[in-house]
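Asker: Structure provided below as C-alpha cells; questions to follow.
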Amino acid sequence: MPVITLPDGSKREFAHPVSTLDVAADIGPGLAKACIAGRVNGELKDACDLIETDAELSIITAKDEEGIEILRHSCAHLLGHAIKQLWPQTKMAIGPVIDNGFYYDIDLEHKLTQEDIEALEKRMLELAKTNYDVVKRVVSWQEARDTFAARGEEYKIAILDENISKDATPALYHHEEYTDMCRGPHVPNMRFCHHFKLMSIAGAYWRGNSENKMLQRIYGTAWADKKALSTHLARLEEAAKRDHRKIGKQLDLYHMQEEAPGMVFWHNDGWSIFLELERFIRRKLNQYTYQEVKGPLMMDRVLWERSGHWDKYSEAMFTTSSENREYAVKPMNCPGHVQIFNQGLKSYRDLPLRMAEFGCCHRNEPSGSLHGLMRVRGFTQDDAHIFCTEDQVQAEVSSCIQMVYDTYSTFGFENIVVKLSTRPEKRIGDDAMWDRAEEALKQALRANNIEFTILPGEGAFYGPKIEFTLHDCLDRAWQCGTVQLDYALPSRLGATYVAEDNSRQTPVMIHRAILGSLERFLGILIEEYAGRFPTWLAPMQVVVMNITDKQADYVEEVVKFFKEQGIRASFDLRNEKIGFKIREHTLRRVPYLLVVGDQEMENKEVAVRTRDGVDLGKMRIEDFAAKIHQQISLRSLKLLEE
C-alpha cells in the first residue's frame with residue numbers, strides 16, 4: 001500500500017502499486033490530461049511506471065522545464081517514426097535533446113533536401129495529430145538486440161553492444177509500427193507533440209569520430225504550445241538578422257578562410273574594436289591591481305606532462321617538433337603563469353599576486369564545430385591567475401566577482417546567471433579543504449548579494465568554481481566568466497612561498513576570466529548591438545561629409561581636429577549626392593554623420609545627425625567634440641539626445 005507524498009506535503013494512500021498517471025487521475029481529470037511524467041524520489045520516470053513503495057512524487061507537465069525536455073525528446077522519436085515511413089531503408093542512430101530542441105542522426109544514402117525536410121515535417125504533424133499512445137516495454141538486452149537486428153538497425157545494435165550491459169533491461173518505446181530505444185522518460189501520448197518545426201540538416205560523424213561514416217543530422221525545435229513556438233521562431237529570425245558572420249562581412253570587420261580554419265583575419269575596423277576591448281580590460285586590470293605578463297606561445301611537452309594537461313588535452317593541442325624536442329602550442333595560460341611565479345623567492349608578503357595576460361591560445365577544435373567568432377581554434381583569452389593564501393581566497397574571489405559585474409554592466413548585460421560547481425566524486429584533498437573552499441566561494445557571492453545555483457559534483461577535481469552566464473537581448477545564454485579555485489597545479493609545478501613561520505607553503509591558485517575569449521565576446525557584442533556599437537567601441541565614430549567641393553578643405557580641417565582630439569573620424573568627399581552618402585554611412589552604422597555646407601563652413605560648425613536619423617542641429621566643432629568625449633569617457637551605451 002504505497003503512500004504518495006506530493007510537493008505540498010499532502011499524502012495519498014493506495015491499496016496497490018500506482019503510476020504517476022494514476023495519481024494524477026486521482027487528483028483530477030485536468031491534471032491527468034496534462035501529466036507528461038513524474039519525478040519519483042527525485043528521479044524522472046515515465047507516467048506509466050509503477051510506484052510500489054512509499055514515495056515522494058512531483059507530477060511533470062508541459063509547464064515544467066523537464067516536461068518541455070521530455071516532449072522534445074519524444075519529437076525526436078516522432079521524427080524517426082515519420083522518416084521510416086517516408087524512407088524505410090533509413091538506419092537510425094541517436095536522437096537526443098539539445099537547447100530549445102532536438103536532433104536525430106540518420107544513415108540514409110539519399111541526401112535530404114529542403115523539400116524532403118518539409119515533407120518530413122508534414123508527415124510528423126499528420127502522425128502527431130492522430131494522438132496515438134506511446135507504449136513503453138522494458139525488455140531483456142537480448143530481446144532489444146533481436147528487435148533491432150530484425151529491423152536492420154545497426155547503430156542501435158552498436159549502442160547495445162558497446163554501451164549497455166548485457167544484464168541491463170533497456171526500455172523500448174513503440175510509436176505504432178516504429179520502435180526506438182531510450183532511457184526515457186517520454187510523453188504518454190502524442191497530443192503533447194503538436195508544436196514543432198524542423199530547422200536544418202548538417203553532417204555528423206557517427207560517435208563524433210571522423211574515421212566513421214558521415215551521417216545526416218536533422219535539427220528540430222519543439223515547444224508546449226503554438227505561442228511559444230512562434231515566439232522562438234521570431235527570436236531565431238531576429239538572431240539571423242544579427243548573425244555576427246553576416247554583419248562582420250557587411251561592416252568589413254574580419255574574415256575567415258579555408259586555408260586557416262578557425263583562425264580570424266582581422267580587418268582594420270574589426271581590429272579597432274578588438275583593441276578597444278583590450279584597452280578597456282587593461283584599465284580594469286590596473287584598477288584591480290594586476291600585473292600584466294606575456295608568456296611564450298609554445299612550451300616543451302615535458303611541462304604540459306608535469307602540469308597534467310597532456311593527459312587531458314593532448315588531442316586538442318597543436319604540436320610541433322624541433323631538434324628532437326616536442327613542443328605544444330598553448331591551449332591555456334596557467335602553466336606559463338606558474339613559471340613566472342616560480343622565478344625568484346616569494347614571501348607571504350608578496351601575496352596575493354595577481355597575474356594577467358591577453359594570452360594567444362590555440363585549441364584543435366573539430367572542424368564541424370567551428371562557428372564564426374563563437375567557436376574558433378585561435379583565440380585571445382583575458383586570463384588571470386591569482387596566487388594567494390587560503391585565508392585570502394574569499395576576499396580575492398569577491399574582488400573577481402565585482403570585476404565581472406563591473407565589466408558586464410558596461411556593455412549593458414544585466415541578466416547574469418551564476419552557478420557554483422562543488423566537489424566531484426573523484427577529487428584531490430580532504431573534505432575539510434573542500435568545505436573551506438566551497439564556503440569561501442559562497443561567502444564571496446553572498447557578500448556581493450549574488451543569487452546563485454549550486455551544481456553538486458560539477459566542480460573540477462582540483463577545486464570548486466563559479467560560472468557567470470550572461471543573457472543577451474534575445475535571451476540567449478553565453479557562459480563567459482569563470483572563477484576557479486585550483487589546489488593542484490601550483491603543487492604539480494613546484495610553486496611555493498615562504499610563510500610567516502619561515503616554512504615553505506603551496507599557494508592557492510585562482511583561475512579568473514572575465515570575457516573569456518575576446519573573439520567570442522566580440523561576436524556576442526556584434527549580435528547584441530546588431531553592429532550598432534556604442535560610440536566608445538565603434539571603429540569609426542564620426543564621418544564628415546561635404547555637400548559640394550567648396551567645403552572639401554574645411555571638412556579635412558574638421559576631421560584633422562577630431563583626430564587630434566582622439567576621436568576616430570573620417571571624411572567622405574566623393575562627388576555623390578549627400579543623401580546617398582548619408583544612407584551609405586548609416587548602413588555602416590557610424591554613430592554620427594556630420595554634414596557641412598556653405599553656412600556651416602562660414603560659421604565653423606557642423607550639422608549633426610545620428611545613424612538613427614535624429615537631427616541634432618548645428619554645433620560648433622569644439623562643442624560637438626566635448627560632447628563626444630564625455631560619451632566616450634563614460635562609455636555610454638546611448639547616442640546623444642537618446
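Note: Cβ is positioned from N, Cα and C throughout, glycine not excepted.
Got these off Swiss-Prot a minute ago, pasting:
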type	residues	note
DOMAIN	1-61	domain 'TGS'
REGION	243-534	region 'Catalytic'
BINDING	C334, H385, H511	Zn(2+) binding site
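Tell me about the setting of these features in this model.
Answerer: For the domain 'TGS' (1-61), DSSP puts the residue distribution at 14 helix, 24 strand, 23 coil.
The Cβ of H385 (Zn(2+) binding site) lies under 8 Å from the Cβ of N333, C334, H337, V338, R354, M355, M509, I510, H511, R512, each of which sits 6+ residues away along the same chain.
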Asker: If you take the centroid of the Cβ atoms of C334, H385, H511, the listed Zn(2+) site, which other residues of that chain have their Cβ within 8 Å of it?
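Answerer: My list of surrounding residues reads M332, N333, H337, D383, A384, Q484, D486, L489, M509, I510, R512.
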Asker: For C334 (Zn(2+) binding site), list the number of other Cβ atoms lying within 10 Å of its Cβ atom.
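Answerer: That number is 24.
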Asker: Tell me the coarse DSSP state (helix, strand, coil) of H511 (Zn(2+) binding site).
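Answerer: Note: H511 (Zn(2+) binding site) is in a strand by DSSP.
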Asker: Mean pLDDT over the domain 'TGS' (1-61): what is the value?
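Answerer: Across the domain 'TGS' (1-61), the average pLDDT comes out at 93.
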